[in-house]
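Let me begin by presenting the structure, written as structure tokens, before commenting on it.
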């Protein structure tokens, strides 16, 4: 606030220095209004009068601790403990602020007079007279009321209206205002509000913690807010703890805890230490068998801890428990016992949070972080029988280890108490470093140094002695070992030896038994967390777990181990897991063991679905069928249930619905239109579909039948997993993590809004939770975009799996063709076409298929579209959606079209489940099927976790095998590798002989797209490597599995994981796929030497003669190339003002290494005196201007920060000519053949359709040139400009095709390293006469205003006169949960690339907005062929078109052109947000949007050298756009800001202050540090070498906010 006020005042002060009285009056009014607003804001805070006299430091303490109040310090009362007494009233007001006004409130031990003065008639105070001090306090409060009334009577005033109800209540019924009973026995008030509250200000100490919850419940208290004094040091063994801020102290004697003030002896309060400790450590306070109060700490202010106790109903805990008994009473009893156990366990776990979590302790006890408790060993010189008191001290852990590590290096002779004390005292005192006195890092009380030194010395001596004894291995000498030990101790302690010996033996640090010696090194310290747990355990007994029953049950399992021991890897068998599964499922362990042995030995005659006999699998296979009789849901029953009609299903609530069993003999799977339709899934209980184990664990029949059964079960498992996930999400939306959030959606029917917004719309089905909290599967219908919900629905959950009826439709289709519950196996001939990579399998399918009678099926949608496109390329439509389909489409829509085909062609069939292939062959009713695939590439992968997919079921049974062993893609060296994988001779047609190479990199840190660009397609083995490369800035990265079947010219294969990866081996199909994707070259980047490197090295060593043997001559082949296309309110946390100039310099050097070392002060001089060769087009040079006139150089301030900034240059012939060549000459010529007029009209049509709101289009009859528009233009001009128009008659115009040329003397800083190798050219200004601007300025200003009014401002922003706050508001409604592609179009040579086409587009836009035809022709004439004259440098030249940098339409024209360019190439109808400013643009599209080739379109149509970048964070006009879950924040580029701080053109201190003010205006958002981590990520995306920069952001804020500190950044 202070910073904003200071910046406002400075801006107003600079404005007031002007001579315009109107501006001065407006500035004065604005200053007055700002001051009034600030005062009103302060006045709205609650007011508290602080009457007691306190010091200035104490005033600051109170103000900082309670910023919620407007505190007025009168200093009219002198009293003891003034600060503590005054803070008590602030604490009471703070507690009352937490309570809704007017709610019935109990003030436990409170001050009823204070509430009466505030007029709180809803507060009841419990003020028991526990001792005489309470009686005195009660009488004092009565006296204060009488004193107040007497003052009112003396002044002849009446009681104010807001106090009168409370005084009336006290007069009529004093017991309703205050009672003298403890809170536990208070009878309360008769009339209460809906919710009752309580406050306890320093009164919890006297209420037993065990009775507190019950007392609150008796008064029906909803929430209780409390405050009490406490100190972490109370957990030490010290008897005295000081509270310095309020001048008080605690003293402890056993369980008696006394509280007193330092300068006051009469106020002494005594409490129970154990009771106070319970309030600190306990989390829950039971009130009844049902209710409990949960404690939560709020804040700590001036030695006072604030917390609240919330009332909770434990009956809302989940009560469900599984029970198999038939006795209802026993069932209900077991349920109650289980629930009470769960309730108690939940509360105990809540209480243990503080005791078990060290981070929680550090949060609530911040002073104790990194502090340890060290014992002190007292040296006694008195008689033996004297008992010594134990003492402990809390010191820094770092200090302890610094001392111990140092003195442990001492030799035996040097290890004395004196040396230890000397070292400890030296590191505690001040030291001198390089002539500068530095304060010690550790603030340890000097009174403790001697005792601490003794502890460190004794600890080290014992530890070294123990090490010596271990080394010597107890060798026998003339003296016994015990004598050696005592000799060493005597030498160390000299005359103190007898007492030290007694101390060591009494403390049991050394145990002596005759000549046996035992040395025990004591614990060095105890952490604060351990002491907290110890103190709490001493008063609260922790529960102990009884494990006897589990041990007895585990013992029974050993009888079954003798049967299992004969199996391989039987030592890895987990007995405990096996025991739990057998007990849960009711399986005899001995029987299970025998079945395992029989199955593994192939003696059982059964095929089990699991791959190996694990503990769970065996128990599941032997589980008996369980029929559930619970009402209210549809249940799955055992296989002996016969066929049921719909009526029977409804009556019995039973259906045999999912899965297949080998012993099914009923007709339950017969085809039935009524049962087999998708409607059977509607409103079916989720428990029916969610299967926690296989419905059939044993498959029988031929292999194809078993494969079909396993495939159907896999579909059921997939549907079960989807429903299970939705059921979990619908009950707990907070459980969705960020990675999976975009896959799910949860709709609240009551609120009519999405709690979790899904990425897509129009889901086919979902999971519904009704008013009874039961979940069902529902087929969704829509009314427009809204879901049609039932009356009892509460929530609807959807996911990416529920977009279509995928698994449901497949299950329906497959079950419709079952015969007697068994799959039908077709008699068609199945031929496997096994082809090597790149053999042309798709081309062969197109050549063999007859689309009139055959069917082509492919796994993916894109592959199907590709085949249809290639088949119809001749113009004749032969391939349709009926004969070329995806596998999913064929299964889900089975029966709705042709069902019989002659031949079936299945592309990439080996990537499908073999059971799916068998079903496809049978359902197509074909006579012959061709399955195309690659037996050596990646096969079908089971995507459902925990679903069993035995290995023997993965083999596809076929009748014939055809091989294709000629690759059209792979080079010769890869063909040599393929011959090692395939049977038969593999040949190639490629002319490339060698294509492989590899490079071992030092680590993942070296991967950077700038320093190490990767050629071609980037492929990784794992998703983690893919994510890492994408985060480093690489684009278009995919895994090996994702690119199977695709072809690329060049491939970069990357491995950044040093740990072993299972899929990287010589036998892995992933290796084969990765090495066979390229046609020209592949390079492998790896951090370790692995199997891939071994293969590549072997291929590099193969002779060229041998590789030529694998080549064959063929005609020109055209291989399909598949290439990827480029596709609220902010939280405010004030930034700490820390850091130094060195921080900013370090950050600049890390981001732009080397720029600060460039000495460019005399580059302009060097340019003048050396010979230069320039490529100049036709121009006229006045060589008399080649030597610039001598001018006195202005003195400037010298910046402290070293950057690449240059001093202002002097205009001259050479300097201006270089700038003209750079900015105006040598314009690019990339455009193709363009029909300018027609194309411009089409582009403008797209521009108006994309950006303008049709309802707001401007009518044609609005005058553009009027007195009002001219006055608006004049108001924006400077006085010097108006003076040039004094003699202008507005009758005739100067030549509109003539422009003046000049340069900007200050070079523009670029945030790259080009300054190290280039001489940057200056920016030019090409401008018209002011007389021309006086005519066209108002016209285009009015056109611009009307254009911006018609723009759809909710989606588009044309950045004209916008503030950073307006930018934040524009982007604030971006949904951070919706994946987006952020695009930036970077155009080089933007101004001089604009030609006749750009002018035509711009003129067409102005004409449609209403520009007069005559003015349009004049303006067009002035921008076709133009003359530039530079009178200062003596240069004259002619230019065609181009954008003039000083024209009246320069900014808006550039903005319009970039917007029109993007609207002509990109699908703007899908755009979420877009912003344009000059040649800058930022676009937000939905993730995955397809984009055309931007570079080609920009070149051929717009003559632009353009590149389209996809970013994670937007960068617009030198600002980072950070969108987050609360909105958006715009940060000014910190590197650009630091670069400006190295400016060398600052003239004087006044100029410097103006410079600081301008920087404050643009960089104000840096004062909010809440999103610094996001800013680090955004900067790291643009500048790869940038370190985390929160330290430099704080330093920038520090210097910009302080006027005097900012002056130190520049020297005279």
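In case you wondered, yes, glycine gets a Cβ from its N, Cα and C as well.
According to Swiss-Prot, the residue from 812, 869, 870 that belongs to the ATP site alongside 838, 839, 840, 841, 842, 843, 968, 969, 1077, 1098, 1099, 1100, 1101 is 870.
Taking each of the binding-site residues 870, 969 in turn and counting other Cβ atoms within 10 Å of its Cβ gives the largest count for 969. Looking just at the domain 'Alphavirus-like MT' (72-280), the mean pLDDT is 85. In three-state terms derived from DSSP, residue 840 (ATP binding site) belongs to neither a helical nor a strand segment and is classed as coil. Binding of ATP is attributed in the record to 838, 839, 840, 841, 842, 843, 870, 968, 969, 1077, 1098, 1099, 1100, 1101, and the widest Cα separation among these residues amounts to 40 Å. Across the domain 'RdRp catalytic' (1380-1493), DSSP assigns 42 helix, 33 strand, 39 coil.
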